[in-house]
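Q: Following this message is one structure expressed as structure tokens.
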Amino acid sequence: MGNPQNRWPNSRLQDRQDILKYISMQDLNYCRNPTSAEQPWCFVSRPWDLIPEWEFCDIPFCSCRKESPECRLTLEGREYAGMKNVDGEGRRCQPWLTSDPKRFHRLNFFAFPDQLMDYSNNYCRNPGSGETTLNALQEFWAIPDKDDLWCFIKEKTSQTWGLCKVPFCYELYERSALEGKPTEGYPECLQTEMGKEYVGTTRKTRSGNPCLRWDTQPFGKLEDFDPNLTYDDHFRFGNPASHQDFCRNPTLKEKPWCFVSDLEKIWDYCDIPRCPDLHNKTECKWTHNGEEYAGTLNVTVSGRLCLPWNDSGLLDKFWPKFPEDVTSENHNFCRNPTGKKDLPYCFVGFDNDEKTFEGCDIPFCPLHYLHERCLLGNGSN
């Protein structure tokens, strides 16, 4: 446990407000290191107490990777610690630290994931997170009001910033798989018989025919598509283009399938193996908002028990985005059928006659492909 006389590990008392701002941006109660202490830590009493208590967390080092992956896990990208230093238009980023004293007073350096900050650091970051911090920064610079990765570009111009294009880690995996480096196991396997949750990269049918892209709608809506919903509404993210030509099950067929150019078949099933622990489903999410999550957690972050989805009023419009036939199973597991929340959630009842939903604590799945590259010798030692 931390020394009670040292209210914040490796910090000054005047930094308290900045630390609290950083903490307010964090999800749940995970171990973090907002003060550049020797290792991640967390509060074990309320952080706004006069003398809050804290402890270090025991977190192992990654097996052999030294550099941070060039991808983001979340939409905001606050965890990104990669080395991309050009914005989305290819303009070179400027260092965060300059001789301008306003940056020292207005930038919240506790929000940076870097262990050390020097005058050469010009990597894409998201330090302007949270309404208070954004307002403080926008008082002096016309920075983006979007909670995203960005960087300063040119000084003394009408536009001083640029948004950065950093892929999600699952998108980085897709690129790797299409280059002939798919991983073994999840996500290249089925967690359920129907496979509506499948997010792998198989793109040929069981007979070897190549799949057609979903967004081309080669044969429109088949008879098992819901006539009351649009074609796009049947796909996770509401965007068939993001699924490219991968095998999917946007309806209620027996298993994943895809359209083919054979006019006699139109579509065919794909041959995808089952995950080894089919009945012990992977309790993690692959994408940032977890629409594909097919696990069995049924308790929210506050400890409330989830209620059956049949009582939620969401099934008529969103049944295709559940990773199973929820209309017949009627379970109470955490899901994200609407895609509007940044994590799986569930229906917990009524508060003041209003339907209430709460988020669930679903961790990200391990980045298998990074580990496998490491084992092959890329990035070891």
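Numbers run from 1 along the shown chain.
Here the Cβ of each residue, glycine as well, is placed from N, Cα and C on the backbone.
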Q: Mind checking which of CYS247, CYS284, CYS306 has the disulfide with CYS270 in TrEMBL?
A: CYS247
Q: Can you tell me how many other Cβ atoms are located within 10 Å of the Cβ belonging to CYS247 (disulfide bond)?
A: 24
Q: Averaged over the domain 'Kringle' (195-275), what pLDDT does the predicted model reach?
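A: A mean pLDDT of 95 is what the predicted model shows over the domain 'Kringle' (195-275).
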